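Quick notes on the structure that follows.
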Amino acid sequence: MTLSHSALQFWTHLYLWCLLLVPAVLTQQGSHTHAEDRLFKHLFGGYNRWARPVPNTSDVVIVRFGLSIAQLIDVDEKNQMMTTNVWLKQEWNDYKLRWDPAEFGNVTSLRVPSEMIWIPDIVLYNNADGEFAVTHMTKAHLFFTGTVHWVPPAIYKSSCSIDVTFFPFDQQNCKMKFGSWTYDKAKIDLEQMERTVDLKDYWESGEWAIINATGTYNSKKYDCCAEIYPDVTYYFVIRRLPLFYTINLIIPCLLISCLTVLVFYLPSECGEKITLCISVLLSLTVFLLLITEIIPSTSLVIPLIGEYLLFTMIFVTLSIVITVFVLNVHHRSPSTHNMPNWVRVALLGRVPRWLMMNRPLPPMELHGSPDLKLSPSYHWLETNMDAGEREETEEEEEEEDENICVCAGLPDSSMGVLYGHGGLHLRAMEPETKTPSQASEILLSPQIQKALEGVHYIADRLRSEDADSSVKEDWKYVAMVVDRIFLWLFIIVCFLGTIGLFLPPFLAGMI
């Protein structure tokens, strides 16, 4: 019974407290809402949003201006535009929007639609596309002192002069110029909130990095008007991140340039030197077409990568011309060209030593011919036969001499015809001391004379072919030496061209 009475007392007291507190809270909230309603009526009852918020016409509205960048969306090199997502921080004082917080339930600030109050007509002067002014009219923050704080977001496309000299290792200087479009400095003046762009809320770009972003205050007199107009100009120094272009453009271009060097190491006999040159030239043409789609169409400067591609295309074109010349030299013969002495001395003697080229000696000069050699008189052909075979053949010859017809008018020297298991063999006979009567009695048959003439013809033909082959080999070696000269020359030029590609942006501090 006691517990029930205590519980009843507790719930009774709780109910009484609720009856006392809830109306008080509701009354306070209602009075606060009522205070804001009264404040709105007080402020905007006779408010004119088209008049400047100054007590006197000669007074100047001071607008404090600042810029906060949220994102660097894009830099269009071809159309020379920079697209940014920014917040325009603006602050000014409107004397018609002041109140005493004590009279309005201690309300110190209000959020009011920006369409209801006077706002400065600050626009982007160097706008390239889209709206010059802010399109999304957010609410303004109004304080009891009359201070209005307005931070509308905007996406601007500002014109930017793109310098592609060191593309893709380039650094661009873009600007955004803000100012009042209709009010001159006597009506509205600007002050900078900060000397730099606010990067606290900046979202990093995957292609560009903001190196520096500062603002300056300027006053300028334009040709259209006699008044002076103030502006705040923000200068952005942005640097391209070159990894994408290095992997997809520069490295393939360098590799293709190296293929040009291999053209001079490719043997002329393979018949693919011209094909390789043309393939490299077509590949470079494709890369040049890709670059023309990226960089702006300007005749002021040529981008560094464009210069390198143009240099490589000239490089490849020269390699085609040189390859045609080398192939022409390679296929020369004694019947078409005579080798000048200076070519023989320079390209067969001195230059190969400078290039560390060692030409192997031909087998004839190393070991001599194992099967065939000429007699000192160049009239007889002697084979390398065994002494036993010669003696047997001489005995057979003596037996057959009885059946040989005798003719007159033979030469002074004698000749032996040897028949062995290897076929017909001729050898030079040692001159013997014979009397005139014996010399006049040595006769040969017409068949043997014809055979000897055929052997002489074959020997002369072989000597001529050996001489022609030697000259052809000399021309081929000259072509090889010319190839080696341009191989080293093109390696040096390719190396210097690559250094020339990376050195200027490196010295400029862009790499």
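Each residue, glycine too, has its Cβ placed from N, Cα and C.
Swiss-Prot lists 1-27 with the feature signal peptide, giving sequence analysis as the kind of evidence.
Annotation comment: Swiss-Prot describes 28-241 as topological domain 'Extracellular'. Computed over the topological domain 'Extracellular' (28-241), the whole-number mean pLDDT of the model equals 90.
When Cβ atoms from all protein chains are considered, those within 10 Å of N56 (N-linked glycosylation site) total 6, not counting its own. N56 (N-linked glycosylation site) carries neither a helix nor a strand DSSP state and counts as coil. Swiss-Prot lists N56 (among others) with the feature N-linked glycosylation site.
Under DSSP, N106 (N-linked glycosylation site) is assigned to coil, being neither helix nor strand in the three-state scheme. In the shown protein chains, 11 other C-beta atoms lie within 10 A of the C-beta of N106 (N-linked glycosylation site). Feature annotation from Swiss-Prot assigns N-linked glycosylation site to N106 (among others); the stated evidence is sequence analysis.
Following the DSSP three-state reduction, the secondary structure of C174 (disulfide bond) is strand. Take the CB of C174 (disulfide bond) and look out to 10 A: across all protein chains shown you find 22 other CB atoms. The disulfide bond feature in Swiss-Prot is assigned to C160-C174 (among others); the stated evidence is similarity to another entry.
Taken from Swiss-Prot, the feature N-linked glycosylation site covers N212 (among others), and the record attributes it to sequence analysis. All protein chains shown were included, and the count of other CB atoms within 10 Å of the CB of N212 (N-linked glycosylation site) stands at 12. The secondary structure of N212 (N-linked glycosylation site), as reduced to three states from DSSP, is extended strand.
There are 9 other Cβ atoms within 10 Å of the Cβ belonging to C225 (disulfide bond). The disulfide bond feature in Swiss-Prot is assigned to C224-C225 (among others).
Per Swiss-Prot, transmembrane segment is recorded for 242-266 (among others), and the stated evidence type is sequence analysis.
Taken from Swiss-Prot, the feature transmembrane segment covers 274-292 (among others).
Taken from Swiss-Prot, the feature transmembrane segment applies to 308-329 (among others), supported by sequence analysis.
The annotation topological domain 'Cytoplasmic' is assigned in Swiss-Prot to 330-484.
If you look up Swiss-Prot, you'll see 485-503 (among others) marked as transmembrane segment, on the strength of sequence analysis.
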Take the transmembrane segment (274-292) and find every residue of the same chain, 6 or more past its ends, with a Cβ under 8 Å from one of its Cβ atoms.
249, 252-253, 256, 259-260, 262-263, 266, 303, 305-306, 309-310, 312-313, 316-317, 319-320, 323-324, 327
Just give me the nearest neighbour of N212 (N-linked glycosylation site) among the recorded positions N106, C160, C174, C224, Cα to Cα.
C174
Nearest of the recorded positions (N56, N106, C174) to C225 (disulfide bond) - Cα to Cα:
N56
Which has the fewest other Cβ atoms within 10 Å: C160, C224, the disulfide-bonded residues listed?
C224
Given the recorded positions N56, N106, C224, state which is nearest to C174 (disulfide bond) when distance is taken between Cα atoms.
C224
Same chain only, please: residues at least 6 beyond the ends of the transmembrane segment (485-503) with a C-beta under 8 Å from a C-beta of the stretch. Say none if there are none.
169, 250, 254, 257-258, 260-261, 264-265, 304-305, 308, 311-312, 315, 319, 322, 351, 355, 511
